[in-house]
Amino acid sequence: MVYLDVAVPVPLRQTFTYTHNEALSPGVRVSVPFGKRHLVGVVVGQHNSVEQTARLKAVDKVLDTTPVLDDVSMSLGRWLWQYYHHAPGEVLHTALPVKLRKGEPAEPPPQNWYRVSANGAQTDAGELARAPRQQACLAHLQEAPLPAGELKQRYSPAILKALDERGLIEAFEQAYQPKPRVWLQTLKLSEKPRPDPQQAVAIAAINQRAGEFAPFLLEGVTGSGKTEVYLQAIETTLSAGRQVLILVPEIGLTPQTVSRFEQRFGIEVAVLHSQITDTARLTIWQQARAGELGIIIGTRSAIFTPLKFPGMLIVDEEHDESFKQQDGLRYHARDLAVMRARKENIPLVLGSATPSLETLNNALSKRYQHLHLTQRAAGAVATMQHLLDVRDQPIRFGLAEGTLALMRQHLSQGNQVLVFVNRRGYAPALLCHHCGHTETCQRCERPYTVHRTHQRLQCHHCASTRPVPSKCQSCGAGELVTAGVGTEQLEQGLSQLFPDAAQVRIDSDSVRGKDKLQTMLNKINHQQYQLLIGTQILSKGHHFPHVTLVVVLDCDGALFSADFRAPEKLAQLVTQLAGRAGRASKPGEMWLQTHNPGHPLLQDLVNNGYAHFARHALLERKMAQLPPFCAQVVIRAEAIEGDLAWRFLNQTQAILQIDGLQLIGPMPGLIEKRQGRFRFMLVLQSPQRQHLHQQLRLALPHISALPDAARVRWSCDIDPTDFS
Ligand SMILES: Nc1ncnc2c1ncn2[C@@H]1O[C@H](COP(=O)(O)OP(=O)(O)OP(=O)(O)O)[C@@H](O)[C@H]1O
Ligand SMILES: [Zn+2]
């Protein structure tokens, strides 16, 4: 009798012991009784004896002969549940394709094949000369048996049936036979552009470290040819018979991206994203695990794809927020990629024009090797960036006269104009339309957020509130405005102002539906539209050769957000947007409308660029002891009765009163009420990550045992990136 530790998919931070008559390897799935249910769990360890045997139950059924999670996956799983303080069973389920979570077989089913019968082997195919297709098919099978699928591509079912009825061929089942490294048969090492000197340095640096853990930050301005660097490093990896896993942001995964890889190498590229079926997902998982796929490209959860011959990991646009999961297991796929590359002993390339401050800090402190591309490829020039002072200007639909004039000018030259509206959901600040003064909390020196429902201003750092003033506290002017115009209002306005320009609105509402975004992007590049209006979807990696002007409606809201990451996010967004213009032969310009033209962040960004801004922002984070110079955790609670969630977090806070832990809150979330529930959060931080994690580990059982814990929805978010 052995005692198995099984990770069972329930929201409890523990594994469960079951008995079984023989030892099982970690990573094997078992069906186990749990309460009145039967669940699919994963074996994580075993013992020969336990203290309490009285109430132990036995495993119902063993589902695998070989582990579905290999050693690396299991050790990543363990890291995940420890680091994110999450339930082990839920972690391992996250790592598996849906069908395997449900207990379906992990191995591909047997395949149908055809072969010649004993009779058929002795028959001279020439005897079938009156039925030439049958003759050909028989001759074909006399050489070797073939999978039914392959055969049916050449011969009609009628031919197979006829041969079968004559007793010349027969169908049979055969276990699936993997074809490891099958890509080597078609891999095309075709012509490629000659790398410029910086690209050549980057490619050589990556290639040199094949077969060892080597993290890189490839910091390359927009349009500098980062993808070309990936392609040439991938070529080396594929030629060596090793697989490459590429993570891309959710809306960056367009058919264009995929076809660029397929065209270069002439091999199948597997694509994983949230829209594909469970069956397709399982097939890719199986093929990747069998070493049949050379390139797998996917969004966040693709990081869990097993690789038989791991060669390289790439995280493109590594700063993108979609790599962080915001519910359930709140993992960061980029951080998991670092752990994975370490365990697999392979290079990891993190690429971005606008690296996150976390990654940049790792590069500047030499934990990652830092590669630079500072020039745009193929002779394109950098987009000029400017601020447009809108103070005291008449504004129509969010646009100042000066902006409209620029738009007219670019449109009349036959070019496209991109108008960006920030709808990322941060609550706007209250500004004086005359002097630009912002209402700010005295205790936190942070701007107040306007709350329309209660007609009050509230500080999201200390939760203090005050009524909305009727005039500016600085100059006394009576005209106070909030920042922000939505895309739809803008679309309506622009069709009045530019009745002759065809316009397209691109935001998460308008691109819903399969291939809709793709169709719109194609039409844009065929110049069927002149005016592009949209949200950050427009900023992600698209190549718009005819866009020469980018207008950003309002960046003031971001300057005063309660989220300390807002300046970083704004700078990334602005830089990526600027990167959409002037990518071809026509130079581009970008104009940012602002009430705060003197704001140091904007000045720095416009005059010195993201690279400079980011290094400065890192210094500020250091001074303020904010991430990456401290570690953070957010404990969130929500309930229909706000008091409950509030009381729960107050009791949690009492448990966490520990030396070396800084507690902020509890306070309302930036979005105070969602789906009928009131939301509160408690922020924990410490300059010592280990200390924070250790104390949290000790405290979690006590927090879970609080009487209100079962009555509120609460969660623990490690390294939070979103405070809404
Ligand atoms: N060495 C090169 N010689 C000629 N053309 C190149 C070279 N490198 C890249 N290009 C071309 O320059 C353009 C931009 O390159 P690429 O898409 O790789 O840049 P990127 O840095 O990934 O862009 P972004 O981050 O803005 O999406 C592409 O059309 C690409 O084919
Ligand atoms: Zn405050």
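Any Cβ shown, glycine's included, is placed from N, Cα and C.
As annotated by TrEMBL, Zn(2+) 1 binding site applies to Cys432, Cys435, Cys472, Cys475. The feature Zn(2+) 2 binding site is assigned by TrEMBL to Cys441, Cys444, Cys459, Cys462. The feature domain 'Helicase ATP-binding' is assigned by TrEMBL to 207-373.
Note: the CA-CA distance between Cys472 (Zn(2+) 1 binding site) and Cys441 (Zn(2+) 2 binding site) rounds to 14 Å.
Report note: the Zn(2+) 1 site is defined by Cys432, Cys435, Cys472, Cys475, and the residues of the same chain whose CB lies within 8 Å of the CB centroid of those residues, excluding them, are His433, His434, Gly436, His437, Gln473, Ser474, Gly476, Ala477. A simple way to gauge crowding: the CB of Cys435 (Zn(2+) 1 binding site) has 15 other CB atoms within 10 angstroms, across all the protein chains here. Neighbour counts of Cβ atoms within 10 Å were compared across the binding-site residues Cys432, Cys459, Cys472, Cys475; the minimum falls on Cys475. Across the fold, the C-alpha of Cys432 (Zn(2+) 1 binding site) and the C-alpha of Cys441 (Zn(2+) 2 binding site) stand 16 Å from each other. With a cut-off of 6 Å between Cβ and the nearest atom of ligand 2, the binding-site residues Cys435, Cys441, Cys459, Cys472, Cys475 reduce to Cys441, Cys459. Model confidence over the domain 'Helicase ATP-binding' (207-373) is summarised by a mean pLDDT of 95.
Cys441 (Zn(2+) 2 binding site) has a Cβ environment of 21 other Cβ atoms inside 10 Å. DSSP gives Cys435 (Zn(2+) 1 binding site) a coil state; it is part of no helix or strand. In the three-state DSSP reading, Cys472 (Zn(2+) 1 binding site) counts as coil. Each residue contributes its Cα atom, and for Cys459 (Zn(2+) 2 binding site) and Cys435 (Zn(2+) 1 binding site) those atoms are 22 Å apart. Taken residue by residue with DSSP, Cys441 (Zn(2+) 2 binding site) is part of a strand.
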